[in-house]
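Okay, so here's the structure we're looking at.
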There are 4 protein chains.
Amino acid sequence: MDAFPKSLLDGYRSFMSGRYVEERARYRTLAEEGQKPQTLVIACCDSRAAPEMIFNARPGELFVVRNVANMVPPYEPDGQYHGTSAALEFAVEGLKVKNIVVLGHGRCGGIHAALAPDAEPLTPGDFIGKWTTLLKPAAEQINANSAMTAGERQTALERISIRNSLANLRSFPNVATAEKQGKLKLCGAWFDISSGELWVMDNKSGDFIRPE
Amino acid sequence: MDAFPKSLLDGYRSFMSGRYVEERARYRTLAEEGQKPQTLVIACCDSRAAPEMIFNARPGELFVVRNVANMVPPYEPDGQYHGTSAALEFAVEGLKVKNIVVLGHGRCGGIHAALAPDAEPLTPGDFIGKWTTLLKPAAEQINANSAMTAGERQTALERISIRNSLANLRSFPNVATAEKQGKLKLCGAWFDISSGELWVMDNKSGDFIRPE
Amino acid sequence: MDAFPKSLLDGYRSFMSGRYVEERARYRTLAEEGQKPQTLVIACCDSRAAPEMIFNARPGELFVVRNVANMVPPYEPDGQYHGTSAALEFAVEGLKVKNIVVLGHGRCGGIHAALAPDAEPLTPGDFIGKWTTLLKPAAEQINANSAMTAGERQTALERISIRNSLANLRSFPNVATAEKQGKLKLCGAWFDISSGELWVMDNKSGDFIRPE
Amino acid sequence: MDAFPKSLLDGYRSFMSGRYVEERARYRTLAEEGQKPQTLVIACCDSRAAPEMIFNARPGELFVVRNVANMVPPYEPDGQYHGTSAALEFAVEGLKVKNIVVLGHGRCGGIHAALAPDAEPLTPGDFIGKWTTLLKPAAEQINANSAMTAGERQTALERISIRNSLANLRSFPNVATAEKQGKLKLCGAWFDISSGELWVMDNKSGDFIRPE
């Protein structure tokens, strides 16, 4: 137990004497009745982009998958382990969420890696290299554009990755069906770490727009 | 944009007028200098167990993977997509985190599914079924124990899953090496949704103990 | 005189009874002593992006060229008519301006035309078609990107056009020399018609950033 | 971004806290629905003669070309870059403006240059020298008149330049046709920087008269 990070224990004590006090009854109810989140958020692991903070969410509101670059692999019923697909299945069929939000963000390290396909693998397993091949065709198109700056290429691929995840979500037959039946809405959003701005995707055009 | 959940937009506005104001300078610095989290947390998607809330973390502190039942698959450098392994590689080799915390919790739906192997698949793809085979041997042992109640079996497997993830983390050669060199600490914790209690794993015995 | 648009005459009368009264002495001085603007602005003809309004400028402050899509052709001392080059020469050598600002904006019709090279010419002279060939290589790269939305392609080319104009400005030997000597600064900015936001170009990276 | 003129940033902030607040809804509508200006103004770059100020115009009202001495070159479908002709084509055929106003002004530096043909070129490219040859025959006639003062010659050529631009506008077949069909009106005006007076051209006689 000595190994447990002191900063996390300190944080836990703050939680218990602060936020938990307000939410005590809610936690109790959520434990007894089970969770009923309305929304699945697919977000990035980045330490600066926690969905609960950005959406000021209370316990029980958001079912959250977090992986590098908020990606959804395409539907592959091949009997392999698919962590994101498993969470998606659980959220849509088990919890009957009403919304799926893919949340991307600026300065994403995973997107940065996708734009540097010739970088040295971080380990011999090259898990990041393989994972970011989900964005390979889009990254190649972006990299072919010599007139865009490095920053513009990064932002463009961050937004493409969100649309890519949404397209892959729709490759799951149950997701596509639920959306067609009006039982499920799919949305995208992009968070600017530097300014705190949230940009919401317009479902028709795919453009990102600041709300209100 | 009409499709975007109103509750999330409202939450975002609360964030911007509240917490963001306090953290504005921190976000700006985190954007300019990049993230430098000390800790990777592997947690569950469950809407009641957000690590940032439980550890009262500020932006930039926790790099967070969330999948069903906070699992880590074993090291498999097979060229397939491995979202959790990619995040692990990025955290350890790219960000040089000093701690990895596997955070489980009570009333976990993924653990519940692992204890019901004959349940109907949620979709023909059966992604949850496949994902929870990572816990199959442990679940079978637990299910064979007729003297434990359903609640005890659930809690037992939740804690086994944390130890399982820690063992699988050590199957990654770079993780094992970094731990041996004292550069990386691996820990476990389990959060009781009903009471708000955090139980921390003793690294020697594997037991879960309430801190302090 | 009957042909003169009534709305403009009405506007002129408002000017005379309003703003002109405040600026009367200033106009008089500017007439007697000549203009001494510090800044040349190269802007678009668009009716929604007048630089004097965006920069709240007083008479005498901005020397303004306006053409379709705020373009600067490259240095071509070929004896042809070059309206923009003539204005540039006059501003830099005659008026000794200290700054040149290239001001682009969102929803630019000229950029839209550049991204539709196969559109029917508006007249047999095809002046817009020829004028926008200044952006042809950049427009082709942008159009090759199937993962960007039409809106994203438009914004990207609007910003590339600003950088293009800045690069072409530097192809004029006198501009390049004055910049090297520290007598002249070159900058870019992009105005969002919808939100009123001004994005200023970072001279090192070429990225557009919101000031302050 | 450090290079961006502080006076312009200050002016932008004044705009945002002042005029923009009044025009916010208008800008939003103009962004969504596109610009529909009724009038193309061909004006001079001079910092003292901004058409939006003189005509107290709101965003979206005036499509504005500005070059040295408010000139329109004759119709030359020769495949060269013609910035003014491109803007004219876009305004008449793309935006279907109903009016074209050529706006000259007193103390015009371009007209002054046209009256001094033997002056040293400002740069080896001599772009001003070439540009003002559009007025060469008229300037020679004026210079031949020894009875006019320098000031009178200046004002005379300023007004001739307006009539010249109007004649050149009519050399564009589409402009001439639209005017004949009553779809387009062509007008001239001259602004006295010193007194703020606007003089409007009588279309029959070509004389400049003060309105009302």
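Glycine is treated like the rest: Cβ placed from N, Cα and C.
Over in TrEMBL, the protein carries these features:
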BINDING   D:C44, D:D46, D:H105, D:C108  Zn(2+) binding site
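With every protein chain in view, the residue among the binding-site residues D:C44, D:C108 whose Cβ has the most Cβ partners within 10 Å turns out to be D:C44.
Chain C lies within reach of none of the binding-site residues D:C44, D:H105, D:C108 when a CB-CB distance under 8 A is required. Cβ proximity to the Zn(2+) site centre (mean Cβ of D:C44, D:D46, D:H105, D:C108, cutoff 8 Å) flags the following additional same-chain residues: D:A43, D:C45, D:R48, D:A49, D:A69, D:N70, D:G104, D:G106, D:R107, D:G109, D:G110, D:I111, D:E158, D:F191, D:I193. Annotation for D:H105 (Zn(2+) binding site): spatial neighbours D:C44, D:D46, D:R48, D:A49, D:E158, D:W190, D:F191, D:D192, D:I193, criterion Cβ-Cβ under 8 Å with sequence separation of six or more.
A 10 Å cutoff on Cβ-Cβ distances gives D:D46 (Zn(2+) binding site) a total of 30 other Cβ atoms nearby, all chains included.
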